[in-house]
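Student: Have a look at this one before I ask anything.
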Amino acid sequence: MKQELIERFIRYAKVNTQSDPNSHTCPSTSGQWELARMLVEELKAIGMEDVTIDDNGYVMATLPANTDKNVPVIGFLAHMDTAPEFTGANVNPQLIDSYDGGDIVLNKEQGIILSPNDFPELAHYKGHTLITTDGTTLLGADDKAGIAEIMTAMNYLIQHPEIKHGKVRVAFTPDEEIGRGPHKFDVAKFGAQFAYTVDGGPLGELEYESFNAAEAKITIKGKNVHPGTAKGKMINSIKIAMEFEQQLPAHEAPEHTEGYEGFYHLLSFQGSVEETKLHYIIRDFDREQFEARKAKMKEIAASLAQKYGNDRITLEINDQYYNMREKIEPVRHIVDIAHEAMTNLGIEPKVKPIRGGTDGSQLSYMGLPTPNLFAGGENFHGRYEYISADNMVKAAEVIVEIIKLFEQKTS
Ligand SMILES: [Zn+2]
């Protein structure tokens, strides 16, 4: 399994699939088409059935049931794109056999070193086969590791027909990193009752709680007058914007919160006397608190409107996604089965809330409850990203074990 995983992963990593938030197409970039077509061929080559690719680049395939039992159809998903914030062009993965626990020189010329002094988690990987970058790009283990693991798990099941299982659906999706992964995902066509994204971090991660998320855009109109004759006339929109920000609780910000704490995050502040625009994101695990945060913003905007005039302040709030826990709790056994699968394989499950969202947050609200499983990588979205091939094997084994457990638990 290990060699297969390494080969698949490196092949996928070399295709530049960096997504682009400014593109309006789906997938947002043509590299994702390239990888999608490659995956279609590989799915067919290993013997998957109903291999399809739709007009938006979503790849789907079926592993048919080999039992008469009425096992629920389950799905596994991974995303093809890599993060927009760091280059994904010319990824050149480096293989380190039985890592000695010391510094890893990623790039000699540029003096780029992956060191346990900066990344103490490296200690967990002594003796592992690691895959790193060459220091100039990201690696794309997020989420090409997930793709390689799903593909390898399917191949394993096809090669081992003695393992009984129900129907399994797999999907490889575009544009997760720009929040659009599920936008054009056809839940009905996928036809699974439950699914798992294989898109988490280190070994054992199991996630079924995400933020409730909204974004807020505030536009403040000022009135510019020559500063020499501005008395009683000028309205400086920058200062009103500062007043807005100051009325939010200073400690409820990303830099002061962790665990289950929510926040307001001022993403950008662009202003002149005449006009200032504020862009916030609002995050909270608790739905009531989340609503209260949005209400708080409306209150502040209303009080400033009263003070400076109604037409000076506009506030636009849009919900982005919700905590998937609400949708997963009623089908809690899908989390329990993942938990059991890991325990059976000697992996300690690490259940934690995602301080962000995943495709699963949106999919769960589209009628497909979808917790998230570890894919194994570390330091996502940058040059220090790496992954253990040994843990990729474990991720593929977890997929196989979940599939087995669903069959075993069906009478
Ligand atoms: Zn990801």
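Even glycines carry a Cβ here, placed using N, Cα and C.
No curator has checked TrEMBL annotations; they are predicted automatically.
Summarising the annotation, TrEMBL assigns active site to Asp81. Look at TrEMBL and you will find Glu176 tagged as active site, proton acceptor. Taken from TrEMBL, the feature Zn(2+) 1 binding site applies to His79, Asp142, Asp199. Among the features that TrEMBL reports, Zn(2+) 2 binding site is placed at Asp142, Glu177, His381. The domain 'Peptidase M20 dimerisation' annotation in TrEMBL covers 208-311.
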Student: Out of the recorded positions I have (Asp81, Asp199, His381), which ones have their Cβ sitting under 6 Å from ligand 1?
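Tutor: Within range of ligand 1: Asp199.
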Student: Can you name the residues of this chain that are 6 or more positions from the residue listed as 'active site' yet have a C-beta less than 8 Å from its C-beta?
Tutor: Thr17, Gln18, Ser19, Pro27, Ser28, Thr29, Gln32, Pro174, Asp175, Glu176, Glu177, Ile178
Student: In the structure shown, with every protein chain counted, which of the recorded positions Asp142, Glu176, Asp199 has the densest set of Cβ atoms within 10 angstroms of its Cβ?
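Tutor: The largest 10 Å Cβ neighbour count belongs to Asp199.
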Student: Looking only at His79, His381, the binding-site residues on record, which one has the least crowded Cβ, with the fewest other Cβ atoms within 10 Å?
Tutor: His381
Student: Give me the sequence-ordered set of same-chain residues, not including Asp142, Glu177, His381, with a C-beta within 8 angstroms of the centroid of the Zn(2+) 2 site's C-beta atoms.
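Tutor: Filtered neighbour residues, in order: Thr82, Ala83, Glu85, Leu138, Gly140, Asp143, Glu176, Phe380.
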Student: Taking every residue in the domain 'Peptidase M20 dimerisation' (208-311), what is their average pLDDT?
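Tutor: Per the prediction, mean pLDDT sits at 96 for the domain 'Peptidase M20 dimerisation' (208-311).
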Student: CA-CA, which of the binding-site residues His79, Asp142, Asp199 lies nearest His381 (Zn(2+) 2 binding site)?
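Tutor: The smallest Cα gap between His381 (Zn(2+) 2 binding site) and any of the binding-site residues is with Asp142.
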Student: Please list, in sequence order, every residue of the chain apart from His79, Asp142, Asp199 whose Cβ lies within 8 Å of the Cβ centroid of the Zn(2+) 1 site.
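Tutor: Nearby residues not in the site list: Ala78, Asp143, Gly146, Glu176, Glu177, Thr197, Val198, Thr358, Asp359, Ala375.
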